[in-house]
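Asker: The active site, proton acceptor annotation in Swiss-Prot covers ASP89, and the record cites sequence analysis as its basis. The active site, nucleophile annotation in Swiss-Prot covers ASP264, and the record cites sequence analysis as its basis. If you look up Swiss-Prot, you'll see ASP89, SER90, GLY91, GLY92, PHE93, ASP143, GLN187, GLY214 marked as substrate binding site. Feature annotation from Swiss-Prot assigns Zn(2+) binding site to CYS302, CYS304, CYS307, HIS333; the stated evidence is sequence analysis. Annotation comment: Swiss-Prot describes 245-251, 269-273 as region 'RNA binding'.
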Amino acid sequence: MKFELDTTQGRARRGRLVFERGTVETPAFMPVGTYGTVKGMTPEEVRETGADILLGNTFHLWLRPGEEIMRKHGDLHDFMNWQRPILTDSGGFQVFSLGDIRKITEEGVHFRSPINGEKIFLDPEKSMQIQDSLGSDVVMIFDECTPYPATEDEARKSMQMSLRWAQRSRDEFDRLENPNSLFGIIQGGVYEGLRDESLKGLVDIGFDGYAVGGLAVGEPKEDMHRILEHTCPQIPADKPRYLMGVGKPEDLVEGVRRGVDMFDCVMPTRNARNGHLFTSEGVVKIRNARHRDDTSTLDDKCDCYTCKNYSRAYLYHLDRCNEILGARLNTIHNLRYYQRLMEGLRGAIETGTLDDFVTEFYTSQGREVPEVPELTD
């Protein structure tokens with residue numbers, strides 16, 4: 001992987017990730033394909049929304065279908081018929097989410113399968129092996145997602161163990177002679193000093209990119225912004241910056257303003273299935289009875305298949321009847337909305353009009369433009 005940085009405006013960056021399987025324009029949003037599929041969508045449909053890269057879930061693909069079946073197909077690209085770049089998370093966040101059915105030790109994580117209750121052990125080495133079998137273009141280190149709230153001492157212990165796991169991930173990745181890219185994950189909770197220590201340790205080990213982890217786990221939005229404002233300028237400028245698991249459209253806008261290059265989140269797909277649709281004027285709740293006889297398009301500024309062909313009344317009808325097509329059309333729209341947002345951000349950075357773009361983004365939804373501190377490096 002090669003990261004090319006074209007231009008900046010403030011801390012916002014316009015560039016691209018160049019892989020053998022294709023180029024990813026940044027800032028980029030990665031749709032989430034947990035089980036090797038973006039729910040309800042064919043790979044071709046996902047590509048048509050403008051996606052250059054997908055995120056796969058190491059933990060779930062390890063449990064089902066497993067490494068053996070994956071290797072029989074070649075890798076995840078062949079298994080799901082997506083011949084463009086794939087980033088896989090390490091499984092650390094999913095283990096974190098298991099709560100009471102997992103036990104974390106220095107060696108790794110003991111837990112019971114959420115599928116059948118079987119006892120399972122996952123450690124940095126195994127995570128690297130699984131991601132190797134998936135053929136991931138971007139592999140994420142195995143880490144512990146520091147919970148919120150956590151005391152500074154708790155966050156320090158968690159972060160320091162994640163650093164040790166980062167070294168083990170690096171060593172196993174190299175032992176496997178994996179030709180792809182490995183990203184480190186910065187932890188440290190809401191404590192700036194711990195974030196500094198984490199980043200320094202990761203840079204000393206050496207990675208192809210750096211993710212900001214442990215955010216969007218319940219902390220106030222102000223804390224997320226503060227950590228990004230503090231951390232992003234310290235990440236080596238020639239490496240991509242990835243904000244994991246974020247988020248709402250405004251989170252992407254605010255992340256880009258603070259120097260983030262990559263995002264992923266289940267929000268556009270999950271919200272689509274629940275009838276919450278993102279538009280240029282805000283969220284439309286298609287289940288609301290006001291849409292029952294509305295012949296207008298969902299968003300007249302959107303060029304997606306759904307908006308070009310169907311009315312709000314039809315989408316309301318499909319949802320009320322629990323038709324699968326409704327969820328599919330909603331998903332197509334939400335994914336295209338996110339990709340159009342990223343296209344707009346990239347274009348605004350290129351032309352030096354990011355401030356105008358941000359103002360229009362918020363005012364078109366009847367919202368105030370949030371203040372951003374003077375961002376000087």
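A Cβ is built for glycine as well, from the same backbone N, Cα and C atoms used for every other residue.
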Asker: Would you mind listing the long-range same-chain contacts of the region 'RNA binding' (245-251), meaning Cβ under 8 Å and 6+ residues beyond its ends?
Answerer: 93, 215-217, 224, 263-265, 267, 278, 337-338, 341, 361-362
Asker: For the residue listed as 'active site, nucleophile', identify the closest of the binding-site residues GLY214, CYS302, CYS304, judging by Cα separation.
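Answerer: It is GLY214, whose Cα lies nearest.
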Asker: Have a look at the binding-site residues (GLY91, GLY214) and report the one with the fewest Cβ neighbours inside 10 Å.
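Answerer: If we count Cβ atoms within 10 Å for the binding-site residues GLY91, GLY214, the smallest count is at GLY91.
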Asker: Helix, strand or coil by DSSP: which one applies to PHE93 (substrate binding site)?
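Answerer: Helix, per DSSP.
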Asker: Does DSSP give ASP264 (active site, nucleophile) helix, strand or coil?
Answerer: strand
Asker: Mean pLDDT for the region 'RNA binding' (269-273), as a whole number?
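Answerer: When the pLDDT values over the region 'RNA binding' (269-273) are averaged, the result is 99.
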Asker: What whole-number Å value do you get for the CA-CA distance of HIS333 (Zn(2+) binding site) and ASP89 (active site, proton acceptor)?
Answerer: 25
Asker: For the recorded positions ASP89, ASP143, ASP264, which one has the sparsest Cβ surroundings, going by other Cβ atoms within 10 Å?
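Answerer: Sparsest of the recorded positions ASP89, ASP143, ASP264 by Cβ contacts within 10 Å: ASP264.
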Asker: Round to a whole number and give the Cα-to-Cα distance in Å for the pair CYS304 (Zn(2+) binding site) and the residue listed as 'active site, proton acceptor'.
Answerer: 29
Asker: If you measure CYS302 (Zn(2+) binding site) to ASP89 (active site, proton acceptor) at Cα, how many Å is it?
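Answerer: Checking the Cα atoms of CYS302 (Zn(2+) binding site) and ASP89 (active site, proton acceptor) gives a distance of 31 Å.
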Asker: Roughly how many Å lie between the Cα atoms of SER90 (substrate binding site) and CYS307 (Zn(2+) binding site), rounded to a whole value?
Answerer: 36
Asker: Grab the substrate binding residues from the record (ASP89, SER90, GLY91, GLY92, PHE93, ASP143, GLN187, GLY214) and give me their largest CA-CA distance in Å.
Answerer: 15
